[in-house]
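Noted in TrEMBL for the protein shown:
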type	residues	note
BINDING	Gly17	Ca(2+) 1 binding site
BINDING	Asp39	Ca(2+) 2 binding site
BINDING	His366, His371, His545, Ile668	Fe cation binding site
DOMAIN	2-118	domain 'PLAT'
DOMAIN	118-668	domain 'Lipoxygenase'
SITE	Trp103	site 'Essential for stabilizing binding to COTL1'
Amino acid sequence: MAEYKLAVTTGSMKYAGTMDHIYATLIGTEGQSERTELDKIGFDFLTDSTRTYTIKPKSSLGNLLLLQLEKDPFLFLPENQWFCSKIVVTAPEGELLFPCYRWISRGELVELRGGKAKKSFEDVHPMLIEHREKDIMTRKNLYKWEITDEKIPHHLHYKHVSELPAEVQFSMTREDEIEYTKKMAGIELKFKGMVGSTEQWEKIEDMNDIFCFQKTTISEYVAEHWKDDDFFGYQFLNGTNPTVIKKCSKLPSNFPVTDEMVEPFLAAGCSLKKEIKKGNIFICDNKIMDKIPTRMYGEEPLQMPASMCLFYLNPENKLMPIAIQLNQQPSEQNPIFLPSDSEPDWLLAKIFVRSAHALEFESVDHLLGTHFMAEIFTVAALRNFHPVHPLYKLLIPHFEYTLHINTLSRIILFGPEGILNTSTLGYEGTKELVRRGFAQITYSSLCLPDNIAARGLESIPNYYYRDDGLKLWNIINSYVKKMMEHFYPSDADVSKDAELQGWIQEVFTHGFLGNKHSGIPSDFTNVKDLVKFLTMVIFTVTAQHAALNNGQFDYLAWVLNGALLLRKPPPTTKGQSSLETILETAPNIGETVKFATLILILSEKYSDMVLLGAYPDERFDGPEPKQIIQEFQAELSCLSEAIQTRNAELEIPYTYLNPTQIENSITI
């Protein structure tokens, strides 16, 4: 009689264990075992535990092909899902890993394949070929595309997180911690009488009292220095959105800044023309906001000007704002504001620039550029890759929780009743902003080295987002290159991989709407192109998201540093603004704390966070991929040490691209 030992590991997350009955069936090339209950004395499937069971078929099953798991109720207890991490089977022929890493519900029949990565054309046994095809068809029925707007990417069809398959839902730990953060913030704000308050702020200083216990070193720095011009410029390089400022090689015709206007703010003997030629002039042009719809506020529509801001890199290597025009078309009612104007005038102009910047950041760069992109890659992967495919094993850790947080975001952020709809733009304006942003996305804009070069920012000093980001890009690229050269020995292997071609075709069709001008490939013919695209995917859902997401509380908790709502129209003449004008323009108390609570939740660190390069799920079986992962982790560790050493010398440390601060996927 043959004997098979099954070492069954239950996950370590909260509520991973189960009291239900678990049954296993082994299927091999020479037969299958009986359906056997995995049962020993005591509790079997406790959280963070491994127990070994024995299955004794009458004869050897040959080479193991599949392991079936079933879960039946125990007595009359309510449903409690089980998170099975992995099962290691010791057979007469040797040891074999069966990765699972998913929640299993009652009545499910889960079929697991061995851990060795295989492309579809490498399966030769008829049973495995049939199983693979059946599994992919099941996944295509489980994960469907939905179109809600013809001008933005398609998304997953589920309307509510409760409908999502268990394998892509948040852990109970994550749900509990998010709810706790919301609850504690709500208690504090209700105690202070701020929730729902329609009162105007009496003093700017009072805005510092929203949260007493949630402040950070940088959020306090922002509250103290938000008026400073050099800090205003610094944020366009290293704040929440360091991706929009560009070198100004020629002044736009609709931004008539003259030498006389800005000469006082340039170094002695310098002119605007000379400084443009030297490469010291930069611009942030929010023309994406031009004539965008806004929502009604009371009986009047709000206004969101499409501002233009000119910057000068001075001899001290500080990026200083030197001219602001709040609307695209110059006129007497659209003056160019200068640092020499009255303090309220100049400050109010900067507040409107930062507001447009924040709205574009949240809707286009953050939500669309990372969350929506990640959903495209994730849904296409779940529909086209079998779990034994090497690219499924490579990518799935970088897609964890993404579909849950995006489904949630479409309700609480981007839906008709979402928080972004209380911004200046409202629901329709936010949708239009996303449409405009999507029309501008290209493959090059998603690839950091190309993006930096296109914006002319290769050499501007103190651009830590660029410095850390390019190093991360290269580390990820090296990791992906080694993996792909291992699994794809030739370009021909890429061309004939049907699951890979199905994935990129869906990314191109459903994610980029078949737009060839975007530069997104619709197929792959060689390893080199595949490596670059996968580097972009992993960078986008890890480093890029961290750079845009993790600093939100630091920089936006102080509302006037990036208000999502401004209640008054922009100034049309100089000399008419005062401190009272700024208070009237700012969100009221209730509106302020609503936005502050949102960015607190989005910036929080949660206990089940998995860092970039940490792969707690053992998906690859074999020494080569494991060695490549170890080398990847070592490079990330070296970069982390270098960033920490540099940051120790900085007045404002840039931490968002330190690998110890980057999640392995978009989870919040």
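Each Cβ is built from the backbone N, Cα and C atoms, and glycine gets one as well.
Curation does not apply to TrEMBL; its annotations are automatic.
Here the features listed in TrEMBL are painted onto the structure.
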residue	record	Cβ within 10 Å
Gly17	Ca(2+) 1 binding site	20
Asp39	Ca(2+) 2 binding site	12
Trp103	site 'Essential for stabilizing binding to COTL1'	21
His366	Fe cation binding site	22
His371	Fe cation binding site	24
His545	Fe cation binding site	25
Ile668	Fe cation binding site	21
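Across the domain 'PLAT' (2-118), DSSP classifies residues as 0 helix, 63 strand, 54 coil. Of the candidate recorded positions, Trp103, His371, Ile668, the one lying closest to the residue listed as 'Ca(2+) 2 binding site' when CA atoms are compared is Trp103.
Cα spacing between the residue listed as 'Ca(2+) 1 binding site' and Trp103 (site 'Essential for stabilizing binding to COTL1'): 10 Å, rounded to the nearest whole number. For the recorded Fe cation site, residues His366, His371, His545, Ile668 set the reference point as the centre of their Cβ atoms, and the other residues of that chain within 8 Å of it by Cβ are Leu367, Thr370, Ala374, Ile405, Leu548, Asn549, Leu602, Ile666.
When pLDDT is averaged over the domain 'PLAT' (2-118), the result is 92.
Straight-line distance linking the Cα atoms of Ile668 (Fe cation binding site) and Trp103 (site 'Essential for stabilizing binding to COTL1'), rounded to a whole number, equals 20 Å.
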